[in-house]
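Taken from Swiss-Prot as is:
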{"type": "BINDING", "residues": "G377, H378, S379, G380, S381, G382, K383, S384", "note": "ATP binding site"}
{"type": "DOMAIN", "residues": "29-311", "note": "domain 'ABC transmembrane type-1'"}
{"type": "DOMAIN", "residues": "343-579", "note": "domain 'ABC transporter'"}
{"type": "TRANSMEM", "residues": "26-46", "note": "transmembrane segment"}
{"type": "TRANSMEM", "residues": "65-85", "note": "transmembrane segment"}
{"type": "TRANSMEM", "residues": "144-164", "note": "transmembrane segment"}
{"type": "TRANSMEM", "residues": "166-186", "note": "transmembrane segment"}
{"type": "TRANSMEM", "residues": "250-270", "note": "transmembrane segment"}
{"type": "TRANSMEM", "residues": "276-296", "note": "transmembrane segment"}
Amino acid sequence: MTFTPSLNSGLAVYRRLLSYTRPYRWIFAASIITMAIYAATETGLAALMKPLMDGSFIERDPATIQIIPLLLIGLFVIRGGANFITQYGLKWVARRVVRDLREQMFCHLLALPARYYDQKASGQLLAKLIYDVEQVSNAATDAILTIIRDSLTILGLLAWMAYLNGLLTLIILVTAPLIALIIWWVSHRFRRISRKIQNSMGDVSQVAQETIEGHREVKIFGGQTYEAERFDQVNEQNRRQTMKMAATDAISQPVVQLIAVLGLAGVIHLATRESMLAQISVGTFISFITAMMLLLGPVKRLTKINGTLQRGIAAAQSIFGLLAETPEADRGQQSLRRARGAIRFEHLSFCYEPAKGPVLENIDLEIKPYQTIALVGHSGSGKSTLVSLLARFYETTSGRILIDEMDIQTLRLTELRRQIALVSQQIILFNDTIAHNIAYGSYQQTSKQDIIRAAEAAHAMEFINRLPDGLDTVIGEKGVLLSGGQRQRLAIARALLKDAPILILDEATASLDTEAERHIQAALETLMRQRTTLVIAHRLSTVENADQIIVLHQGQIIERGTHSQLLARESHYAGLYRLQFRHSHEHVSPLSANVGL
(Lines of atoms letter the chains of each structure in order from A and count residues from 1; the text may use other names and numbers.)
(Lines give C-alpha, C1' and ligand atoms only; values in the text may rest on other atoms or scores of the structure.)
Protein backbone atom coordinates (compact mmCIF):
# COMPACT_ATOMS: atom_id res chain seq x y z
CA MET A 1 0.00 0.00 0.00
CA THR A 2 1.43 3.36 -1.02
CA PHE A 3 0.49 6.70 0.43
CA THR A 4 -0.15 9.90 -1.42
CA PRO A 5 2.66 12.42 -0.93
CA SER A 6 0.57 14.53 1.44
CA LEU A 7 -0.24 11.56 3.65
CA ASN A 8 3.35 10.44 3.57
CA SER A 9 4.56 13.58 5.36
CA GLY A 10 5.17 13.21 9.06
CA LEU A 11 3.04 16.24 9.90
CA ALA A 12 0.02 14.94 7.98
CA VAL A 13 0.33 11.51 9.58
CA TYR A 14 0.67 12.97 13.07
CA ARG A 15 -2.28 15.29 12.46
CA ARG A 16 -4.40 12.31 11.44
CA LEU A 17 -3.21 10.41 14.50
CA LEU A 18 -4.19 13.30 16.77
CA SER A 19 -7.67 13.28 15.21
CA TYR A 20 -8.31 10.10 17.21
CA THR A 21 -8.17 12.22 20.37
CA ARG A 22 -11.20 14.26 19.23
CA PRO A 23 -13.78 12.22 21.21
CA TYR A 24 -11.72 12.91 24.32
CA ARG A 25 -10.91 16.54 23.50
CA TRP A 26 -11.97 17.96 26.88
CA ILE A 27 -9.61 15.76 28.86
CA PHE A 28 -6.94 16.32 26.20
CA ALA A 29 -7.48 20.09 26.41
CA ALA A 30 -7.28 20.00 30.22
CA SER A 31 -3.96 18.17 29.93
CA ILE A 32 -2.67 20.83 27.51
CA ILE A 33 -3.70 23.62 29.89
CA THR A 34 -1.96 21.97 32.84
CA MET A 35 1.13 21.52 30.64
CA ALA A 36 1.17 25.28 30.12
CA ILE A 37 0.80 25.81 33.87
CA TYR A 38 3.69 23.41 34.53
CA ALA A 39 5.82 25.21 31.94
CA ALA A 40 5.01 28.55 33.58
CA THR A 41 6.33 27.26 36.92
CA GLU A 42 9.74 26.74 35.31
CA THR A 43 9.85 30.37 34.28
CA GLY A 44 8.45 31.32 37.69
CA LEU A 45 11.31 29.48 39.40
CA ALA A 46 13.89 31.42 37.38
CA ALA A 47 12.02 34.68 38.01
CA LEU A 48 12.04 34.10 41.79
CA MET A 49 15.84 34.04 41.76
CA LYS A 50 15.98 37.81 41.10
CA PRO A 51 14.07 38.99 44.22
CA LEU A 52 15.61 36.15 46.21
CA MET A 53 19.15 37.42 45.54
CA ASP A 54 18.49 41.17 45.36
CA GLY A 55 15.82 41.46 48.04
CA SER A 56 16.96 38.81 50.50
CA PHE A 57 20.75 38.72 50.29
CA ILE A 58 21.65 42.20 48.98
CA GLU A 59 18.96 44.53 50.31
CA ARG A 60 17.87 42.30 53.24
CA ASP A 61 14.23 43.31 52.76
CA PRO A 62 12.14 41.63 55.55
CA ALA A 63 8.99 41.34 53.40
CA THR A 64 10.91 39.65 50.61
CA ILE A 65 12.60 37.28 53.05
CA GLN A 66 9.20 36.20 54.38
CA ILE A 67 7.31 35.84 51.10
CA ILE A 68 9.91 34.10 48.90
CA PRO A 69 9.77 30.74 50.80
CA LEU A 70 5.95 30.79 50.64
CA LEU A 71 6.05 31.52 46.92
CA LEU A 72 8.46 28.63 46.37
CA ILE A 73 6.18 26.23 48.26
CA GLY A 74 3.12 27.45 46.35
CA LEU A 75 5.01 27.17 43.07
CA PHE A 76 5.90 23.53 43.64
CA VAL A 77 2.38 22.64 44.85
CA ILE A 78 0.97 24.06 41.62
CA ARG A 79 3.72 22.33 39.66
CA GLY A 80 2.95 18.93 41.26
CA GLY A 81 -0.80 19.22 40.71
CA ALA A 82 -0.35 20.28 37.09
CA ASN A 83 2.08 17.42 36.47
CA PHE A 84 -0.38 14.83 37.88
CA ILE A 85 -3.30 16.05 35.77
CA THR A 86 -1.10 16.20 32.67
CA GLN A 87 0.45 12.75 33.09
CA TYR A 88 -2.77 10.94 34.04
CA GLY A 89 -4.94 12.78 31.51
CA LEU A 90 -2.60 12.10 28.60
CA LYS A 91 -2.17 8.45 29.55
CA TRP A 92 -5.96 8.08 29.79
CA VAL A 93 -6.44 9.61 26.35
CA ALA A 94 -3.57 7.58 24.86
CA ARG A 95 -4.96 4.23 26.05
CA ARG A 96 -8.38 5.17 24.66
CA VAL A 97 -6.75 5.99 21.33
CA VAL A 98 -4.89 2.66 21.39
CA ARG A 99 -8.13 0.82 22.14
CA ASP A 100 -9.97 2.64 19.34
CA LEU A 101 -7.16 2.05 16.85
CA ARG A 102 -6.95 -1.65 17.68
CA GLU A 103 -10.70 -2.07 17.38
CA GLN A 104 -10.74 -0.23 14.06
CA MET A 105 -7.82 -2.29 12.75
CA PHE A 106 -9.35 -5.57 13.92
CA CYS A 107 -12.75 -4.78 12.40
CA HIS A 108 -11.01 -3.74 9.18
CA LEU A 109 -9.03 -6.99 9.12
CA LEU A 110 -12.31 -8.90 9.39
CA ALA A 111 -13.61 -7.01 6.36
CA LEU A 112 -10.56 -7.56 4.12
CA PRO A 113 -10.83 -10.09 1.27
CA ALA A 114 -9.24 -13.54 1.32
CA ARG A 115 -6.77 -12.41 -1.35
CA TYR A 116 -5.23 -9.95 1.13
CA TYR A 117 -4.56 -12.73 3.63
CA ASP A 118 -3.06 -14.85 0.86
CA GLN A 119 -0.43 -12.16 0.32
CA LYS A 120 0.33 -11.22 3.95
CA ALA A 121 2.04 -13.19 6.69
CA SER A 122 -0.07 -13.45 9.84
CA GLY A 123 2.95 -12.53 12.00
CA GLN A 124 3.29 -9.22 10.15
CA LEU A 125 -0.38 -8.42 10.74
CA LEU A 126 -0.11 -9.31 14.43
CA ALA A 127 2.94 -7.03 14.74
CA LYS A 128 0.89 -4.15 13.33
CA LEU A 129 -1.94 -4.87 15.76
CA ILE A 130 0.30 -5.17 18.83
CA TYR A 131 3.73 -3.55 18.35
CA ASP A 132 2.86 -0.69 15.99
CA VAL A 133 -0.11 0.47 18.06
CA GLU A 134 2.04 0.62 21.19
CA GLN A 135 4.51 2.85 19.35
CA VAL A 136 1.59 5.11 18.51
CA SER A 137 0.65 5.17 22.20
CA ASN A 138 4.12 6.42 23.11
CA ALA A 139 3.91 9.11 20.44
CA ALA A 140 0.53 10.16 21.81
CA THR A 141 1.76 10.51 25.42
CA ASP A 142 5.50 10.93 25.91
CA ALA A 143 5.98 12.82 22.65
CA ILE A 144 3.06 15.22 23.12
CA LEU A 145 3.99 15.80 26.74
CA THR A 146 7.57 16.64 25.89
CA ILE A 147 6.90 18.63 22.72
CA ILE A 148 4.22 20.88 24.18
CA ARG A 149 5.39 21.22 27.77
CA ASP A 150 9.08 21.62 27.03
CA SER A 151 8.48 23.90 24.04
CA LEU A 152 6.34 26.16 26.24
CA THR A 153 9.01 25.99 28.93
CA ILE A 154 11.71 27.06 26.46
CA LEU A 155 9.55 29.91 25.14
CA GLY A 156 8.78 31.09 28.66
CA LEU A 157 12.40 30.97 29.76
CA LEU A 158 13.60 32.74 26.60
CA ALA A 159 10.98 35.44 27.09
CA TRP A 160 12.14 35.96 30.68
CA MET A 161 15.78 36.02 29.58
CA ALA A 162 14.98 38.57 26.87
CA TYR A 163 13.21 40.69 29.47
CA LEU A 164 16.32 40.56 31.67
CA ASN A 165 18.90 41.16 28.91
CA GLY A 166 18.23 41.06 25.19
CA LEU A 167 21.91 40.92 24.14
CA LEU A 168 22.71 37.85 26.22
CA THR A 169 19.53 36.13 24.99
CA LEU A 170 20.56 36.78 21.38
CA ILE A 171 23.75 34.78 21.97
CA ILE A 172 21.65 31.80 23.07
CA LEU A 173 19.39 32.13 20.00
CA VAL A 174 22.42 31.93 17.68
CA THR A 175 22.71 28.24 18.56
CA ALA A 176 19.04 27.51 17.65
CA PRO A 177 19.56 26.97 13.86
CA LEU A 178 22.34 24.45 14.51
CA ILE A 179 20.17 22.56 16.99
CA ALA A 180 17.21 22.62 14.56
CA LEU A 181 19.40 21.25 11.74
CA ILE A 182 20.60 18.35 13.88
CA ILE A 183 17.04 17.53 15.01
CA TRP A 184 15.84 17.60 11.37
CA TRP A 185 18.56 15.14 10.30
CA VAL A 186 17.93 12.87 13.28
CA SER A 187 14.14 12.89 12.62
CA HIS A 188 14.51 11.60 9.07
CA ARG A 189 16.98 8.94 10.10
CA PHE A 190 14.82 7.84 13.05
CA ARG A 191 11.74 7.44 10.86
CA ARG A 192 13.62 5.45 8.22
CA ILE A 193 15.09 3.10 10.82
CA SER A 194 11.72 2.83 12.62
CA ARG A 195 10.09 1.39 9.49
CA LYS A 196 12.83 -1.24 9.30
CA ILE A 197 12.38 -2.06 12.99
CA GLN A 198 8.64 -2.55 12.47
CA ASN A 199 9.26 -4.88 9.54
CA SER A 200 11.82 -6.84 11.53
CA MET A 201 9.38 -7.14 14.45
CA GLY A 202 6.87 -8.60 12.02
CA ASP A 203 9.48 -11.14 10.88
CA VAL A 204 10.24 -12.08 14.51
CA SER A 205 6.52 -12.54 15.21
CA GLN A 206 6.03 -14.59 12.04
CA VAL A 207 8.88 -17.03 12.68
CA ALA A 208 7.92 -17.45 16.34
CA GLN A 209 4.26 -18.00 15.47
CA GLU A 210 5.02 -20.62 12.80
CA THR A 211 7.38 -22.50 15.11
CA ILE A 212 4.99 -22.48 18.06
CA GLU A 213 2.01 -23.56 15.95
CA GLY A 214 4.04 -26.25 14.20
CA HIS A 215 5.92 -27.49 17.27
CA ARG A 216 5.00 -31.13 16.57
CA GLU A 217 6.37 -31.00 13.02
CA VAL A 218 9.47 -29.18 14.24
CA LYS A 219 10.17 -31.93 16.76
CA ILE A 220 9.31 -34.94 14.61
CA PHE A 221 11.37 -33.73 11.65
CA GLY A 222 14.25 -32.48 13.78
CA GLY A 223 13.82 -28.86 12.73
CA GLN A 224 14.88 -27.32 16.03
CA THR A 225 18.31 -26.26 14.75
CA TYR A 226 16.89 -24.83 11.53
CA GLU A 227 14.16 -22.89 13.35
CA ALA A 228 16.63 -21.63 15.95
CA GLU A 229 18.90 -20.36 13.16
CA ARG A 230 15.96 -18.78 11.33
CA PHE A 231 14.79 -17.05 14.51
CA ASP A 232 18.33 -15.93 15.33
CA GLN A 233 18.61 -14.36 11.88
CA VAL A 234 15.45 -12.24 12.15
CA ASN A 235 16.16 -11.47 15.81
CA GLU A 236 19.66 -10.27 14.93
CA GLN A 237 18.24 -8.10 12.14
CA ASN A 238 15.90 -6.51 14.68
CA ARG A 239 18.82 -5.93 17.06
CA ARG A 240 20.90 -4.26 14.35
CA GLN A 241 18.14 -1.84 13.40
CA THR A 242 17.48 -1.03 17.05
CA MET A 243 21.19 -0.36 17.64
CA LYS A 244 21.28 1.99 14.63
CA MET A 245 18.57 4.02 16.30
CA ALA A 246 20.36 3.85 19.65
CA ALA A 247 23.60 5.06 18.03
CA THR A 248 21.84 7.97 16.34
CA ASP A 249 20.15 8.88 19.61
CA ALA A 250 23.41 8.58 21.56
CA ILE A 251 25.26 10.86 19.12
CA SER A 252 22.57 13.50 18.67
CA GLN A 253 21.90 14.20 22.34
CA PRO A 254 25.46 15.14 23.42
CA VAL A 255 25.99 17.14 20.22
CA VAL A 256 22.85 19.21 20.88
CA GLN A 257 23.84 19.65 24.53
CA LEU A 258 27.37 20.66 23.52
CA ILE A 259 26.02 23.37 21.23
CA ALA A 260 23.72 24.59 24.03
CA VAL A 261 26.62 24.63 26.51
CA LEU A 262 28.74 26.61 24.03
CA GLY A 263 26.00 29.22 24.03
CA LEU A 264 25.92 29.11 27.83
CA ALA A 265 29.70 29.53 28.02
CA GLY A 266 29.51 32.51 25.68
CA VAL A 267 26.85 34.13 27.86
CA ILE A 268 28.85 33.58 31.06
CA HIS A 269 31.97 34.97 29.40
CA LEU A 270 30.16 38.07 28.21
CA ALA A 271 28.14 38.56 31.41
CA THR A 272 31.23 38.49 33.62
CA ARG A 273 32.96 41.24 31.68
CA GLU A 274 33.29 44.41 33.72
CA SER A 275 31.24 46.49 31.30
CA MET A 276 28.31 44.06 31.54
CA LEU A 277 28.53 43.67 35.34
CA ALA A 278 28.02 47.39 35.67
CA GLN A 279 24.68 47.13 33.84
CA ILE A 280 23.05 44.20 35.69
CA SER A 281 22.42 43.34 39.32
CA VAL A 282 23.48 40.14 41.04
CA GLY A 283 19.85 39.00 41.13
CA THR A 284 19.43 39.62 37.42
CA PHE A 285 22.60 37.67 36.63
CA ILE A 286 21.64 34.70 38.85
CA SER A 287 18.09 34.70 37.44
CA PHE A 288 19.46 34.73 33.88
CA ILE A 289 21.92 31.90 34.58
CA THR A 290 19.17 29.89 36.32
CA ALA A 291 16.93 30.29 33.27
CA MET A 292 19.79 29.15 31.04
CA MET A 293 20.43 26.08 33.17
CA LEU A 294 16.72 25.27 33.19
CA LEU A 295 16.81 25.44 29.38
CA LEU A 296 19.19 22.47 29.15
CA GLY A 297 16.65 19.96 30.48
CA PRO A 298 13.88 20.75 27.96
CA VAL A 299 16.37 20.90 25.07
CA LYS A 300 17.74 17.50 26.09
CA ARG A 301 14.25 15.98 26.35
CA LEU A 302 13.16 17.45 23.02
CA THR A 303 16.17 15.86 21.35
CA LYS A 304 15.61 12.55 23.10
CA ILE A 305 11.87 12.37 22.39
CA ASN A 306 12.53 12.66 18.68
CA GLY A 307 13.15 8.92 18.46
CA THR A 308 9.84 8.12 20.15
CA LEU A 309 8.02 10.59 17.93
CA GLN A 310 9.48 9.22 14.70
CA ARG A 311 8.78 5.63 15.76
CA GLY A 312 5.20 6.65 16.40
CA ILE A 313 4.87 8.37 13.01
CA ALA A 314 6.37 5.37 11.20
CA ALA A 315 4.01 3.06 13.12
CA ALA A 316 1.05 5.30 12.30
CA GLN A 317 1.98 5.17 8.60
CA SER A 318 1.98 1.38 8.83
CA ILE A 319 -1.40 1.36 10.60
CA PHE A 320 -3.00 3.82 8.20
CA GLY A 321 -1.62 1.78 5.32
CA LEU A 322 -3.55 -1.23 6.63
CA LEU A 323 -6.69 0.84 7.16
CA ALA A 324 -6.41 2.11 3.57
CA GLU A 325 -6.65 -1.43 2.17
CA THR A 326 -9.90 -1.96 0.26
CA PRO A 327 -12.44 -4.17 2.07
CA GLU A 328 -14.05 -7.02 0.15
CA ALA A 329 -16.67 -5.74 -2.27
CA ASP A 330 -20.21 -5.83 -0.91
CA ARG A 331 -22.26 -3.99 -3.51
CA GLY A 332 -25.28 -6.30 -3.41
CA GLN A 333 -28.59 -4.91 -2.22
CA GLN A 334 -30.91 -7.91 -2.39
CA SER A 335 -31.90 -10.19 0.47
CA LEU A 336 -32.51 -13.93 0.39
CA ARG A 337 -34.47 -15.39 3.28
CA ARG A 338 -33.66 -19.06 2.63
CA ALA A 339 -32.45 -20.44 -0.67
CA ARG A 340 -33.95 -23.56 -2.22
CA GLY A 341 -30.40 -24.56 -3.10
CA ALA A 342 -30.36 -24.31 -6.89
CA ILE A 343 -26.86 -23.29 -8.06
CA ARG A 344 -25.65 -22.44 -11.56
CA PHE A 345 -22.14 -21.58 -12.74
CA GLU A 346 -22.23 -19.78 -16.11
CA HIS A 347 -19.10 -19.43 -18.28
CA LEU A 348 -17.06 -19.03 -15.10
CA SER A 349 -13.35 -18.23 -15.28
CA PHE A 350 -10.96 -17.19 -12.55
CA CYS A 351 -7.26 -16.47 -12.07
CA TYR A 352 -5.37 -15.54 -8.92
CA GLU A 353 -2.71 -13.69 -10.91
CA PRO A 354 -3.22 -12.80 -14.59
CA ALA A 355 0.41 -13.61 -15.40
CA LYS A 356 -0.03 -17.21 -14.23
CA GLY A 357 -3.12 -17.93 -16.30
CA PRO A 358 -6.60 -19.12 -15.29
CA VAL A 359 -7.19 -21.55 -12.42
CA LEU A 360 -10.73 -22.14 -13.67
CA GLU A 361 -11.77 -21.71 -17.28
CA ASN A 362 -15.24 -21.55 -18.82
CA ILE A 363 -17.02 -23.58 -16.12
CA ASP A 364 -20.68 -24.34 -16.84
CA LEU A 365 -22.47 -26.33 -14.17
CA GLU A 366 -26.07 -26.56 -12.96
CA ILE A 367 -26.96 -28.05 -9.58
CA LYS A 368 -30.55 -28.73 -8.59
CA PRO A 369 -31.85 -28.28 -5.02
CA TYR A 370 -30.92 -31.11 -2.63
CA GLN A 371 -28.48 -32.67 -5.10
CA THR A 372 -25.10 -33.95 -3.97
CA ILE A 373 -22.33 -32.97 -6.36
CA ALA A 374 -18.86 -34.47 -6.02
CA LEU A 375 -15.89 -32.46 -7.33
CA VAL A 376 -12.94 -34.71 -8.11
CA GLY A 377 -9.58 -34.23 -9.74
CA HIS A 378 -5.91 -34.06 -9.02
CA SER A 379 -4.53 -31.49 -6.58
CA GLY A 380 -4.56 -28.03 -8.17
CA SER A 381 -7.38 -28.81 -10.57
CA GLY A 382 -9.56 -26.02 -9.14
CA LYS A 383 -11.97 -27.84 -6.81
CA SER A 384 -11.44 -25.68 -3.72
CA THR A 385 -11.30 -22.52 -5.83
CA LEU A 386 -14.73 -23.27 -7.29
CA VAL A 387 -16.44 -23.46 -3.89
CA SER A 388 -14.46 -20.41 -2.68
CA LEU A 389 -16.01 -18.44 -5.53
CA LEU A 390 -19.46 -19.66 -4.50
CA ALA A 391 -18.92 -18.09 -1.05
CA ARG A 392 -17.38 -15.00 -2.72
CA PHE A 393 -14.09 -15.32 -0.91
CA TYR A 394 -12.75 -14.25 -4.31
CA GLU A 395 -14.36 -12.34 -7.16
CA THR A 396 -14.78 -14.08 -10.50
CA THR A 397 -12.65 -12.97 -13.43
CA SER A 398 -15.53 -13.56 -15.85
CA GLY A 399 -18.86 -15.33 -15.87
CA ARG A 400 -21.30 -15.49 -13.00
CA ILE A 401 -22.75 -17.68 -10.27
CA LEU A 402 -26.46 -17.85 -9.51
CA ILE A 403 -28.33 -19.16 -6.48
CA ASP A 404 -32.05 -19.64 -7.07
CA GLU A 405 -31.64 -17.65 -10.30
CA MET A 406 -30.18 -14.69 -8.40
CA ASP A 407 -26.69 -13.50 -9.32
CA ILE A 408 -24.66 -13.72 -6.10
CA GLN A 409 -23.17 -10.31 -6.92
CA THR A 410 -26.61 -8.79 -6.29
CA LEU A 411 -26.85 -10.33 -2.80
CA ARG A 412 -25.47 -8.80 0.35
CA LEU A 413 -22.46 -10.80 1.54
CA THR A 414 -24.11 -11.60 4.85
CA GLU A 415 -27.22 -12.85 3.03
CA LEU A 416 -25.14 -15.00 0.67
CA ARG A 417 -22.96 -16.56 3.35
CA ARG A 418 -25.98 -17.22 5.56
CA GLN A 419 -27.01 -19.77 2.92
CA ILE A 420 -23.73 -21.74 3.13
CA ALA A 421 -22.22 -24.04 5.75
CA LEU A 422 -18.70 -25.49 5.55
CA VAL A 423 -17.13 -28.64 6.97
CA SER A 424 -13.50 -29.23 6.04
CA GLN A 425 -10.65 -31.51 7.03
CA GLN A 426 -8.69 -28.66 8.63
CA ILE A 427 -11.28 -27.64 11.17
CA ILE A 428 -10.91 -24.20 12.72
CA LEU A 429 -12.00 -24.21 16.35
CA PHE A 430 -11.46 -21.45 18.88
CA ASN A 431 -9.98 -21.44 22.36
CA ASP A 432 -13.42 -21.39 23.94
CA THR A 433 -16.04 -23.79 25.24
CA ILE A 434 -17.57 -26.56 23.14
CA ALA A 435 -20.94 -24.78 23.32
CA HIS A 436 -19.48 -21.52 21.98
CA ASN A 437 -17.75 -23.38 19.14
CA ILE A 438 -20.92 -25.22 18.09
CA ALA A 439 -23.01 -22.04 18.23
CA TYR A 440 -20.21 -19.91 16.76
CA GLY A 441 -21.60 -16.64 15.40
CA SER A 442 -25.02 -17.08 16.99
CA TYR A 443 -24.37 -18.07 20.61
CA GLN A 444 -26.42 -15.25 22.14
CA GLN A 445 -29.46 -16.22 20.06
CA THR A 446 -29.13 -20.00 20.56
CA SER A 447 -30.63 -22.02 23.39
CA LYS A 448 -28.70 -24.77 25.14
CA GLN A 449 -31.27 -27.31 23.93
CA ASP A 450 -30.60 -26.35 20.31
CA ILE A 451 -26.87 -26.82 20.89
CA ILE A 452 -27.46 -30.23 22.47
CA ARG A 453 -29.72 -31.33 19.59
CA ALA A 454 -27.08 -30.32 17.04
CA ALA A 455 -24.36 -32.13 19.02
CA GLU A 456 -26.51 -35.27 19.28
CA ALA A 457 -27.25 -35.25 15.55
CA ALA A 458 -23.50 -34.93 14.92
CA HIS A 459 -22.77 -37.90 17.25
CA ALA A 460 -20.76 -35.52 19.44
CA MET A 461 -22.65 -35.80 22.75
CA GLU A 462 -21.15 -39.26 23.14
CA PHE A 463 -17.70 -37.80 23.93
CA ILE A 464 -18.96 -34.45 25.28
CA ASN A 465 -20.82 -36.22 28.11
CA ARG A 466 -17.57 -37.90 29.16
CA LEU A 467 -15.83 -34.57 29.66
CA PRO A 468 -15.88 -33.15 33.22
CA ASP A 469 -17.42 -29.83 32.14
CA GLY A 470 -19.46 -31.15 29.23
CA LEU A 471 -20.49 -28.38 26.84
CA ASP A 472 -18.61 -25.87 29.00
CA THR A 473 -15.26 -27.59 28.40
CA VAL A 474 -12.61 -25.23 27.00
CA ILE A 475 -10.97 -27.10 24.10
CA GLY A 476 -7.71 -25.15 23.73
CA GLU A 477 -6.27 -23.29 20.77
CA LYS A 478 -7.60 -24.79 17.51
CA GLY A 479 -9.27 -27.54 19.57
CA VAL A 480 -5.91 -29.10 20.43
CA LEU A 481 -7.38 -30.93 23.45
CA LEU A 482 -9.69 -32.96 21.18
CA SER A 483 -8.97 -35.75 18.71
CA GLY A 484 -9.33 -35.26 14.96
CA GLY A 485 -12.63 -37.12 14.86
CA GLN A 486 -14.01 -35.13 17.77
CA ARG A 487 -13.09 -31.86 16.09
CA GLN A 488 -14.82 -33.04 12.91
CA ARG A 489 -18.01 -33.85 14.81
CA LEU A 490 -18.02 -30.40 16.41
CA ALA A 491 -17.67 -28.88 12.93
CA ILE A 492 -20.62 -30.96 11.72
CA ALA A 493 -22.65 -29.91 14.77
CA ARG A 494 -21.80 -26.28 13.96
CA ALA A 495 -23.04 -26.77 10.39
CA LEU A 496 -26.20 -28.55 11.61
CA LEU A 497 -27.00 -25.71 13.98
CA LYS A 498 -26.54 -23.15 11.22
CA ASP A 499 -29.05 -25.12 9.13
CA ALA A 500 -27.91 -23.57 5.84
CA PRO A 501 -29.48 -24.88 2.60
CA ILE A 502 -26.09 -25.24 0.87
CA LEU A 503 -23.32 -27.39 2.32
CA ILE A 504 -19.65 -27.60 1.33
CA LEU A 505 -17.71 -30.68 2.45
CA ASP A 506 -14.00 -30.21 1.84
CA GLU A 507 -12.20 -33.52 2.50
CA ALA A 508 -14.39 -33.82 5.58
CA THR A 509 -13.51 -37.40 6.56
CA ALA A 510 -9.92 -37.62 5.40
CA SER A 511 -7.26 -39.06 7.70
CA LEU A 512 -9.65 -40.53 10.30
CA ASP A 513 -9.57 -43.95 11.91
CA THR A 514 -12.37 -46.46 11.25
CA GLU A 515 -14.33 -45.75 14.45
CA ALA A 516 -14.14 -42.00 13.96
CA GLU A 517 -15.11 -42.34 10.30
CA ARG A 518 -18.19 -44.38 11.25
CA HIS A 519 -19.41 -41.60 13.53
CA ILE A 520 -18.58 -38.93 10.95
CA GLN A 521 -20.33 -40.74 8.09
CA ALA A 522 -23.47 -41.18 10.19
CA ALA A 523 -23.39 -37.50 11.14
CA LEU A 524 -22.81 -36.44 7.53
CA GLU A 525 -25.80 -38.42 6.34
CA THR A 526 -27.93 -36.41 8.75
CA LEU A 527 -26.26 -33.15 7.73
CA MET A 528 -26.62 -33.70 3.96
CA ARG A 529 -30.32 -34.51 4.17
CA GLN A 530 -32.48 -31.90 2.40
CA ARG A 531 -29.45 -29.80 1.46
CA THR A 532 -27.58 -29.02 -1.73
CA THR A 533 -24.14 -30.47 -1.10
CA LEU A 534 -20.81 -29.92 -2.84
CA VAL A 535 -18.25 -32.55 -1.88
CA ILE A 536 -14.52 -32.04 -2.51
CA ALA A 537 -12.26 -35.13 -2.56
CA HIS A 538 -14.64 -37.01 -0.29
CA ARG A 539 -14.48 -40.68 0.65
CA LEU A 540 -15.13 -43.06 -2.20
CA SER A 541 -18.46 -44.26 -0.78
CA THR A 542 -19.83 -40.70 -0.80
CA VAL A 543 -18.47 -40.05 -4.28
CA GLU A 544 -20.18 -43.20 -5.54
CA ASN A 545 -23.53 -42.09 -4.14
CA ALA A 546 -23.34 -38.54 -5.50
CA ASP A 547 -26.11 -37.44 -7.86
CA GLN A 548 -23.44 -36.11 -10.19
CA ILE A 549 -19.65 -36.31 -10.26
CA ILE A 550 -17.73 -33.42 -11.82
CA VAL A 551 -14.20 -34.25 -12.92
CA LEU A 552 -11.88 -31.23 -13.07
CA HIS A 553 -8.51 -31.17 -14.79
CA GLN A 554 -6.33 -28.06 -15.12
CA GLY A 555 -9.28 -25.81 -14.33
CA GLN A 556 -11.73 -27.31 -16.80
CA ILE A 557 -14.58 -29.80 -16.52
CA ILE A 558 -13.51 -32.80 -18.57
CA GLU A 559 -16.17 -35.29 -17.42
CA ARG A 560 -19.50 -35.30 -15.65
CA GLY A 561 -22.04 -37.96 -14.78
CA THR A 562 -22.92 -40.55 -12.17
CA HIS A 563 -20.40 -43.00 -10.78
CA SER A 564 -21.58 -45.86 -13.00
CA GLN A 565 -21.76 -43.67 -16.10
CA LEU A 566 -18.21 -42.41 -15.65
CA LEU A 567 -16.84 -45.90 -15.02
CA ALA A 568 -18.49 -47.12 -18.21
CA ARG A 569 -16.71 -44.44 -20.24
CA GLU A 570 -13.30 -45.82 -19.22
CA SER A 571 -11.78 -42.34 -19.19
CA HIS A 572 -10.14 -40.03 -16.62
CA TYR A 573 -12.47 -40.80 -13.71
CA ALA A 574 -12.23 -44.54 -14.28
CA GLY A 575 -8.45 -44.28 -14.06
CA LEU A 576 -8.67 -42.36 -10.76
CA TYR A 577 -11.15 -44.89 -9.42
CA ARG A 578 -8.98 -47.89 -10.28
CA LEU A 579 -5.97 -46.18 -8.69
CA GLN A 580 -7.89 -45.58 -5.46
CA PHE A 581 -9.36 -49.09 -5.54
CA ARG A 582 -5.84 -50.53 -5.80
CA HIS A 583 -4.65 -48.35 -2.89
CA SER A 584 -7.62 -49.39 -0.74
CA HIS A 585 -6.72 -53.05 -1.25
CA GLU A 586 -3.21 -52.17 -0.12
CA HIS A 587 -4.79 -50.81 3.11
CA VAL A 588 -3.97 -47.22 2.29
CA SER A 589 -6.53 -44.49 2.77
CA PRO A 590 -7.84 -43.42 -0.66
CA LEU A 591 -7.43 -39.78 0.18
CA SER A 592 -3.95 -40.22 1.55
CA ALA A 593 -2.97 -41.55 -1.86
CA ASN A 594 -3.30 -37.94 -2.98
CA VAL A 595 -5.14 -38.67 -6.20
CA GLY A 596 -7.66 -35.97 -5.50
CA LEU A 597 -11.02 -37.74 -5.04
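Just so it is clear, glycine is given a Cβ too, placed from its N, Cα and C backbone atoms.
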If you count the other Cβ atoms within 10 Å of each Cβ, which of the binding-site residues H378, K383 comes out on top?
K383
Binding-site residues (G377, G380, G382), the one with most neighbouring Cβ atoms at 10 Å
G377
In three-state DSSP terms, S384 (ATP binding site) is classed as helix
Winner by Cβ contact number (other Cβ atoms within 10 Å) across the binding-site residues S379, S384:
S384
